[in-house]
Every structure is written in structure tokens, then in C-alpha cells.
Amino acid sequence: MNIENKEITSSWFTNLRDLLCKEFEKIEEEYAQTKGLKPAKFVRSSWQRNGGGGGVMSLMKGAVFEKVGVNISTVFGKISPEFRNEIPGVELDGKFFATGISLVAHLKSPLIPAMHFNTRYIETSKSWFGGGGDLTPFYPEKNETVKFHAAFKEACDKYDSSYYPKFKKQCDEYFYLKHRKEPRGVGGIFYDYLNNGNFEQDFAFTQDVGKALLSVYPEIVRSKLFLPWTAEQKEYQLIRRGRYVEFNLLYDRGTKFGLMTDGNVEAILMSLPPEVKFN
């Protein structure tokens, strides 16, 4: 396994975590100042994995972000034999290394979309990058959806014109609730097992995906920061959040990978919304 690759990827995910947390705290401050509130801050807690490695959870519950979590982790060791068929390159000895960042934002306002983002680097006897970002509005708006997709398309097009249509399609297919026959949101991009034989290029692309998210999502949040909403709209948001829960518990690869590798349960389930209704 390549030690330098491990270090620079892990360092980037930590840096991106800091940039995202800083920007989200800034949004909370902007809102709090106009409402006479004390701005919320992220609370961090670290955890260690028994088999090797660990991570840091950053969680904020505020007036804008009802719950936003930004997790980073770097874990390594051996995967249990019963799970070795599910991850490429661990079939023989089970050894793995994984580092990444995961972000989920649930907003108080039903007019502001929820958002999920993650990027990761994994080494077994093979190595690859994966990740992406997707938007889940409760009241979709075309301009907003176009803006979100355009940010990721720009990042993709720097590297390969085939990336965006391919990764968009993969996102649409991945974030689909088969049992309900409906998409979870308005999509974005999703990629996995990315290894073009050029680590530097694949890593640069993964960094640009993170930068795209950092540029577009805060802009979307700010555009609706002070819009009024009704109790009926909030009720609808809580019901639709149920779809989020269903997907994460039934289909999400990150949830499954975390549980298979004996990750921190609180960090793995951080993506779940703080309040939800099932009718």
C-alpha cells in the first residue's frame, strides 16, 4: 500500500472538512445576527476503531441547519471473511485502507434542500476513488437543480467530457428507491472504483468535486435563508425525510461499508435526519 497516497488523501479530506464547517458556521452567524440569536457551532468528537484507525465527527444543530454532520475517517486493518466478497481486492488477505469525508445537511426550512456529499480513497490489493454529491429538495425548483448540476459538470468536464453524463446516470440509478419506484431527490453525480492509472489526476478530480460542492451548496442555502414557510410545508418535509431514512438503511453503500468494517455506529448513522414522520 502506498503511504504517500494515504497521507495526502487523508490530509485533503481533513482540509475540506475545515472549509465546509467554516462556511456552514458563517451561514449560521449571518442568520443569527438578523434574528438576535446566538450562532450555533460545530461540536467535534473523535473515535477509534478497534481494528485500526478512527475518525472525527463534526456535528452542528442550529437555527438554519437543523442537523449537519461532517465526518472524516481513516481506517485500516482486515475485513471479516464473511464480507470479503463485497469489496474488490480483499478476497485473499482481507487487508484494506479507507479514508474519506462524508457530509449530510438537513435544514430547518422545508424550502432549502437537504444535501449529501462524500468522497473517499480506498486501497486493498487494488485502489480507487469514489464519491459524489446529490440534492434532495422537498419543493424542487428547476433553476436550483440546474445550478447544482452545473457545478459538478464543470468539475467533470475539466478531466473527461464523458464523466458528467456517466456519473449523473450512476447517481440517478444509485439514489433510487426501488421499493417505492421513485428517486430520492434531483440527483447530482456519483462515481465509484475510479482508477484511470493516474493517481494524481484521479485525486485532482476528487478534490475538484469537493470544491464544486463548497461553491454551490452554500449559495443555494443563502438564496432561501430568509424565506418564510408554513406548518404544512414543514409537515411535508418531515414525511419526505422518511424516504431519506429508508434509502440509507436499505441501500446506502457507505452505511454497509461502515458496518462491515466495524466503524463507529454514531458516525455511520449521522446521516439520518433529526426528526421524521412516517405516515
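Quick reminder: no glycine exception, Cβ is built from N, Cα and C everywhere.
In Swiss-Prot this protein carries:
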type	residues	note
BINDING	Ser102, Asn118, Thr119, Arg120	substrate binding site
BINDING	His106, His116, His149, His179	divalent metal cation binding site
ACT_SITE	His116	active site, proton donor
SITE	His179	site 'Important for dimerization'
REGION	244-279	region 'Important for dimerization'
Of the binding-site residues listed as Ser102, Thr119, Arg120, the one whose CA lies nearest the CA of His149 (divalent metal cation binding site): Thr119
Rank the binding-site residues His106, His116, Arg120, His149, His179 by how many other Cβ atoms lie within 10 Å of each Cβ and give me the one with the fewest. His179
For His179 (divalent metal cation binding site): DSSP state (helix, strand, coil): coil
Secondary structure content, the region 'Important for dimerization' (244-279) (per DSSP, counts of residues): 22 helix, 0 strand, 14 coil
Hey, how far is Thr119 (substrate binding site) from His179 (divalent metal cation binding site), Cα to Cα, in Å? 27
What's the longest C-alpha separation between any two of Ser102, Asn118, Thr119, Arg120, the listed substrate-binding residues, in angstrom? 8
Confidence over the region 'Important for dimerization' (244-279), expressed as mean pLDDT on the 0 to 100 scale, is 85
